[in-house]
Amino acid sequence: MGVHILSTGSSVPNFSVENQQFEDIIETSDHWISTRTGIKKSILPLLLPSLTKLAAEAANDALSKASINAEDIDLIILATSTPDDLFGSASQLQAEIGATSSTAFDITAACSGFIIALVTASQFIQAGSYNKVLVVGADTMSRWIDWSDRSSCILFGDGAGAVLIGESSINSILGFKLCTDGRLNSHLQLMNSPSDSQQFGLTTVPKGRYDSIRMNGKEVYKFAVFQVPIVIKNCLNDVNISIDEVDWFILHQANIRILEAIATRLSIPLSKMITNLENYGNTSAASIPLALDEAIKEKKIQPGQVVVLAGFGAGLTWGAIVLKWQ
């Protein structure tokens, strides 16, 4: 049994922050941000962001394009590291879109989350467990940023992307590879804050609060530039497809310098990489499905083309998927 991508969808907040606006908050400039990251503006909410509502808008967009009712979905997988509820927001998403017949759960793998979620969804379909699965990658990074840290606050934006997949006699997912190295976890993390505590009898119990994102940019850059080309090449080798036979590469939209370095290591022109980083910033788990949806809207991706998706991020985790677009 194969897996077919039925439709895609996306959603972003309706407020953008231009690079120049950061100059009033921190010591930086539009030139510094754009040359080092490729970002020209980020998308942030005017009010308190709702992960669930962003995810629901992307999900409904995908459902509408496929002319499928939410009640017909068997499973929802929400890839996010910033849920509205610490226990997970997939159930809230299920309720929001009215997918009352579906099972729903979250996957937390930061910027690799969508890749892992899509692979997980495909396994359920290939096993014959479910017929239609909705995969959503969504993050509201704005609420976990230290806005005084210029190394990280300029990078992130909020957004959501969705992919609806179903069973088919033809398999659109040709192969995949997933990787993790927990020894590198400290390079990118959002940890529990030990500063708050409460007294319980003779015991002091920490309160459940978290710090802001902390990132070692140099180490993350080295990790991504080294590991991502390897996992892409290995994945392509497994399905007997050469780099030259790939029509498009859609990578996690982290930083333009990372994407340029990966393109160089793969010996491919940057024009083969679909990017939207300059308009949204790093939207974490949303970045790949958001870029995929835009590429389809713009008719860049055509039937029969080979597309490589690759994510990398906190964990540290990374992975790749090879698609044959149908």
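The backbone N, Cα and C atoms fix where each Cβ goes, glycine too.
Annotation comment: Swiss-Prot describes Cys111, His252, Asn282 as active site, evidence class sequence analysis. Swiss-Prot lists 253-257 with the feature region 'ACP-binding'.
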Whole-number Å distance separating the Cα atoms of Asn282 (active site) and His252 (active site) is 8
Model confidence over the region 'ACP-binding' (253-257), as mean pLDDT, sits at 91
Quick note, Cys111 (active site): same-chain residues at least 6 apart with CB under 8 Å of its CB -> His252, Ala254, Asn282, Ser284, Ala285, Ser287, Gly311, Phe312, Gly313, Ala314
Across His252, Asn282, listed as active-site residues, the smallest other-CB tally within 10 A is for Asn282
Across the region 'ACP-binding' (253-257), DSSP yields 2 helix, 0 strand, 3 coil
